[in-house]
């Protein structure tokens, strides 16, 4: 079993991912979605957590061998980033969604030197907007951001465009396509549900029609 499939299996088993193609969730953006993901749940399961963190370490060593500092996005990327940094014996920092409105007004907590080669850790990629804002903040502080790693991606076309436009490399441990096919194989969804989930990936606005 590949790592992507193994992680997808864990996410389904521990209910970090819910699939309801016939009774969709409503995202904050108002989009009706057949999937809901809460990767914070992974922290409660040592076997899953270890699989993810070891996967991150291997992925970073392969894709970003020059890394000098690990940064987690607040808040979901912080625990994973801290564990990765510990495993790799690297400095750790975290990036707030916006600067503090008191004290020193920091947006990055920790110490990042000018030109230090950074990898940013996120738990989930939907459109990529929030993590790319974190990347931009890190660059403003002088970091040399090599790329982003995440547990899971919805593989939305908008995310592909956003990362391409920003010139930021993205590496994810598992993804939507891997998960929905595994879910159908293991009986979490029907073949009809799989078709709906495939349609959502291609067209988030009109996937329920037709």
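Along the chain as shown, the residues are counted starting at 1.
Using N, Cα and C of the backbone, Cβ positions are placed for all residues, glycine too.
The 5-phospho-alpha-D-ribose 1-diphosphate binding site annotation in Swiss-Prot covers 96, 100, 102, 122, 123, 124, 125, 126, 127, 128, 129, 130 and rests on similarity to another entry. Under the DSSP three-state reduction, residue 127 (5-phospho-alpha-D-ribose 1-diphosphate binding site) is assigned to coil, being neither helix nor strand. Cβ neighbours of residue 127 (5-phospho-alpha-D-ribose 1-diphosphate binding site) (same chain, under 8 Å, six or more residues apart in sequence): 156, 158, 159, 162.
With a 10 A radius on its CB, residue 126 (orotate binding site) counts 21 other CB atoms from all the protein chains. As annotated by Swiss-Prot, orotate binding site applies to 126, with the evidence given as similarity to another entry.
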Q: Mind giving me a neighbour count for residue 96 (5-phospho-alpha-D-ribose 1-diphosphate binding site)? Other Cβ atoms within 10 Å of its Cβ, every protein chain shown.
A: 15
Q | In three-state DSSP terms, the structure that residue 96 (5-phospho-alpha-D-ribose 1-diphosphate binding site) belongs to | A | coil
(Q) Applying a 10 Å Cβ distance cut-off over all chains shown, what neighbour count does residue 125 (5-phospho-alpha-D-ribose 1-diphosphate binding site) have? (A) 27
Q. Given residue 96 (5-phospho-alpha-D-ribose 1-diphosphate binding site) and residue 126 (orotate binding site), what distance in Å do their CA atoms have, once rounded to a whole number?
A. 18
